[in-house]
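**Q** Below you will find the structure I want to go over with you.
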Amino acid sequence: MSDYLSELSTFSTCDVSDGLLNKYGDASGGFIPNLQKWSGPSDNTVAGKAYTVLFAQHDDPRPEINYIDTIPAGSFLVIALTIPLQLEDAPYVRVSQALYGGLMSRRAQFQGTKGTVVLGRIRDVEEQHSLEYPVYSYSLGTCASKMAVKPVAVQIPLQVLVREANVQTIHPDDYIIGDNNGIVRIPTSSVCMQDLMLYIRKSIEVDRLVAQDVAEGKPLKASQKERREVLKELLL
Ligand SMILES: O=C([O-])CC(=O)C(=O)O
Ligand code: NI
C-alpha cells in the first residue's frame with residue numbers, strides 16, 4: 001500500500017483544499033473550521049492518519065477506555081465530543097473542561113503520533129508549546145475532564161457540528177493535514193489519492209508560475225486564466 005504522508009507534508013493545507021475543491025467539487029475544501037493552532041513547527045506541514053477518539057458524558061453507559069497508550073505511529077489523534085455536547089457557534093462545545101493536556105502530548109509524541117486535534121478544549125498550553133508537538137483545538141481550559149466527560153470509543157466516525165447545522169464526519173484513517181492555516185481532512189473513502197496528489201502537484205506548479213508572472217508585472221487574472229488551462233485536463 002502506498003503511503004502519501006511524506007509527500008502530503010510537503011504541501012500546504014491550502015494546496016490540499018484547492019485539490020479537494022477543484023478536483024472533487026468539495027465546497028469545504030476539507031477544512032475543519034474554528035480550530036486554533038497552539039503548538040508545533042511554524043515552518044512546515046504535518047500529516048497523519050486520523051486515529052479517532054469519542055468522548056461522551058461521564059454518566060454514559062459505556063465504560064471509560066484508555067486510548068492514549070495505544071496510538072499507532074503515523075497517526076493524527078482526533079478527539080471529539082458527542083453531537084449533543086457540541087455547539088454551532090463559539091465556543092463550539094458545551095464542555096468547559098479540557099479533554100487533553102501536556103502529559104498526553106508527551107505520551108502521543110513518544111509513540112510517533114504526528115499531532116493532535118481536539119474538537120473541544122485543551123490545557124497546559126505552555127507545556128504544549130515547549131514540546132514542539134502540533135496541537136490544535138477550539139479553545140483552552142484549566143480543569144481536567146474526569147467529572148464531566150470520558151473517552152468511550154476509538155476508531156469510529158466522529159461527527160463535527162459546523163455552521164448551518166451541517167455535520168462533517170471524520171473517518172478513522174482519513175488523512176489529516178495541519179499547518180499555520182489550520183486543519184484539512186482528506187476523506188479517503190471518496191477520493192482517489194493518486195489523482196488528488198497529481199492534481200495538487202500540478203496546481204502548486206501553476207501557482208509558482210503565476211507568482212513569477214506577477215513578479216514580472218503581469219496582471220493576475222489573465223495569468224491565472226492562462227496558467228490554469230493545464231489543470232483542466234486533470235479534471236476529467
Ligand atoms: O489530566 C488530564 O486530564 C490531562 C492533562 O492535564 C495532561 O495530560 O497533562
Ligand atoms: Ni496536565
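Glycine residues also receive a Cβ, built from the backbone N, Cα and C atoms like all the rest.
Since we're looking at a predicted model, the values are computed, not measured.
According to TrEMBL, the protein has these features:
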{"type": "BINDING", "residues": "G101, G102, L103, M104, R123", "note": "substrate binding site"}
{"type": "BINDING", "residues": "D124", "note": "Mg(2+) binding site"}
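What does the local environment look like for each feature on the list?
**A** Cβ contacts within 10 Å of L103 (substrate binding site), excluding its own Cβ and spanning all protein chains shown: 11.
D124 (Mg(2+) binding site) falls outside any helix or strand according to DSSP and counts as coil.
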**Q** To the nearest Å, how far is the Cα of M104 (substrate binding site) from the Cα of D124 (Mg(2+) binding site)?
**A** 10
**Q** Please report the Cα separation of L103 (substrate binding site) and D124 (Mg(2+) binding site) in Å, rounded to an integer.
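**A** Cα of L103 (substrate binding site) to Cα of D124 (Mg(2+) binding site) measures 9 Å after rounding.
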**Q** Taking the centroid of the Cβ atoms of G101, G102, L103, M104, R123 as the substrate site, which other residues of that chain lie with their Cβ within 8 Å of it, listed in sequence order?
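**A** Nearby residues not in the site list: A98, Y100, S105, R106, I122, D124, E127, Q128.
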**Q** Measure the Cβ-based neighbour count of R123 (substrate binding site), defined as the other Cβ atoms within 10 Å of its Cβ.
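**A** I get 21 for this one.
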**Q** C-alpha of G101 (substrate binding site) to C-alpha of D124 (Mg(2+) binding site): distance in Å?
**A** 6
